[in-house]
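Working notes, structure below.
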């Protein structure tokens, strides 16, 4: 018989390999069918294993073809696809770090406070405390920029900047609350810049343009506020019209405004250096130690009397202010009478050593006179009145107040991230540009604090509006060559900053409105035909007008400080939470961040809020909280529990219901495992390494359900199931440090139990999305086909349930938790794209100490028609955007001829299947014969009903072989040797040489040959490239739709993974699990 077998095989192959034979047509189908391809050959021979699912799981090459435009990916972010498909094709963004991030950040950070208030802050707080204020504020923005850089480089950030980053990192509630805070902050910043511009205009450029003029000194403050309101409203209207007409004009003017800022700052530094050699002449008139206003004196001398030869007498302007007449014997103010008039230098210069006087603080209450220490003054002096020409403090100052007023001068760090859509490489430019801009501005501020303290007299520094230096801008007195450089420069820069705020704020509001998370803002999502936010601009102008009606720069600054601090606080919170939760999607390309830095930034933000103004801080928090709750509870029910347990139950229920609301976003997808285990007779786990693998994959995060099926009746086996759960599973889970739940199901058949478990495990949104099961060992040698049939059925069930499936092969060779891999590779063979599981799994495994030192390699297969060089480039770009470090290789598989070896493997497989089928068929016939004989001889049969029902369904789908083991034994007892021989002669086709030869002469099925060809070819290249890999991840082809080919499917998988030590077969659940977006 063996001789015949060999002869048949050797004589068979020439038949198929010969082109001149009568079977030429057949050979052309199997060997090298380059012409006349039928439908089955549409997908090339190399990927025939995967062809039935190509519509849902495309080839990697076809996926990479779509990578030129990343918004076309199936990776989520549909809103960006729709937004970009509306208009014409955009030009590719070309802005680099310097032009796109660094300069816009500089322009937004440097602003009105530097020119109008920094000298006053230095004079009031002293150099040391001023340095402290600047340092705290700059630390706050630097830490926030580090957190922002991490968020901004965690994927592609579309245009939308800070709001997009926060809302996508912390969800719509936080996103809406912070987005509106940021919007309000930007709007009030616009109001502050306009007020600053008006202050420069009315104080230093055109004081005579004031509409309201007070008659007495009491009404000066009120008149000034009214002037600010009128002019501010006019400026706001003009700016809003300019923004409405066209943003392009604002953008064109931006570079001019930036030049103004830089020239102004350079003039300050130049003036400070020049003052060391020739200080500018700005005399300050002092009466005793009190500062006199230069507005009153004008051109008159700083003296009580003056020698004159003719009338009107010796009296000066100063004399007339303090005395009741021109005569020398007139009645005068007591302080004036006892004090000397002196003149000091307003700008002593860098070499004067005045910094020693300015190093300590000099806080004042409202109405106090500016006094210079070290000058003689009468001990018993009457308090001054505002009718006298002194320089008075207009508000009560304190350290906390100065923090609130100064903080807006360090805001503007989001300017770069807001332009993310225009940057060539946002992930590189945003961190570098923003952090460099913050370091530059921090250096400028700190150096300016020291320079002001070292060059300018203390009373002049504390003089907010420059009254003592004849109404000059204080910082202008230091500037070189003229104070007008600073006055004009600061005026234009504040106007520019106001325009930028009025441009940015409406766009932010429009983005929030378009997200539709706050229903009553929906109307502000609409705009002009070109997308300009008209309605949002209108609302912005109205809110900015409220800020202008406050009319005081010092009162508006703390308001916008609150909103910006709130925004920065949430940016830090977003980064800290993402880092601590270790979400799989959190893979920032910017690596110099840490959750501790984010928490520190958050604490500083919170502290600054309450330091600068505790009541504003509470108002800002309440506003943010109300928006948060409004978004959260919009249309939702509240649930009140009782006590701590009630609170816990309510929180758990609330969380589960929130999870239930919809399928998780791609970013939040992580494998929630259902691990299927097999127990032995003693209720111990047969493959404990499956649990080890699960613990390595999860690293203690997410959901893990460990399940097993016990065959039997639930009523009688319930105790056994409980024991198996406690002894077998729970102890093993504790040992392997798997945090999760266990589930033991009792079912009549294993297959049904597994199906029920896959359907019903989990609760609400806490359900598994991935099934882990072992490979059926020695399935070829097993007499009972049910082990591999259960395996294939489970594969089918997971596919039907849209769950991912992981099958570790040779699980006993996988490393334990105490055996970390010191080197080596995790190889990914990405053959078809089924949701990105193959990319995500190595990343998750490498979070665990066992796999941490393994490098990652990704191989993909290129066909004859694919451009493998372009594929490699596209794949490398794709991985760059996924923030995954891996070596990339494209393996070329050409359409080679189907080898004789492949043909022989297919033939052996089919012959084996045929023999097994014959044997099963004969067994079924035997059972029928027994039943007939039992009926004839009236032998009482045990469990006859079930046997009949089972035997009535012969074939590959029969469960448990049709009968129990005891029934088999009973059947064999009644079967004689003669009857067996007679039965085999009449029923079995294999018993005669002719029948056996018929079976050997079968022609292999066309599709089986092609599938075997795929398996052999893929196995060759995988073994060639990955023979030394620590772990090989591979797409698992689906089982055949026709269940008759199940044995062949197992054979294909065996051939595909032959010669590989550790293999993880991966089958996606049909949904995307990884995304390039933030």
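Indices start at 1 and increase along the chain as displayed.
Cβ coordinates are placed from backbone N, Cα and C, and glycine is handled just like the others.
When TrEMBL is compared with the stretches 462-480, 481-499, 500-518, 614-632, the one noted as transmembrane segment is 481-499. Within the listed segments 435-461, 651-677, 678-704, TrEMBL records transmembrane segment for the stretch 435-461. Of the candidate ranges 315-339, 340-364, 365-389, 390-414, TrEMBL annotates residues 390-414 with the feature transmembrane segment.
Of all ranges given (288-306, 535-553, 706-724, 725-743), TrEMBL attaches the label transmembrane segment to 535-553.
The feature transmembrane segment, as given by TrEMBL for the ranges 256-277, 762-783, 784-805, sits at 256-277. Touching of the transmembrane segment (126-153) and the transmembrane segment (390-414) is concluded from the presence of at least three CB pairs under 8 A, sequence neighbours closer than 6 excluded. The average pLDDT the prediction assigns to the domain 'SLC12A transporter C-terminal' (822-927) is 78.
It is 99-120 that, among the stretches 99-120, 435-461, 592-609, forms the most Cβ pairs under 8 Å with the transmembrane segment (390-414).
Contact between the transmembrane segment (256-277) and the transmembrane segment (559-580) is absent: fewer than three CB pairs lie under 8 Å, with pairs separated by 6 or more positions in sequence. For the transmembrane segment (99-120), the list of distant contacts is 192-193, 196-197, 199-200, 254, 257-258, 261-262, 264-265, 405-406, 408-416, 419, 422-424, 429-430, 432-434, 436-438, 440-441, 444-445, 448-449, 452, 456, 460-464, 473-475, 486, 489-490, 493-494, 496-497, 500, 553-554, 557: same-chain residues at least six beyond its ends, Cβ to Cβ under 8 Å.
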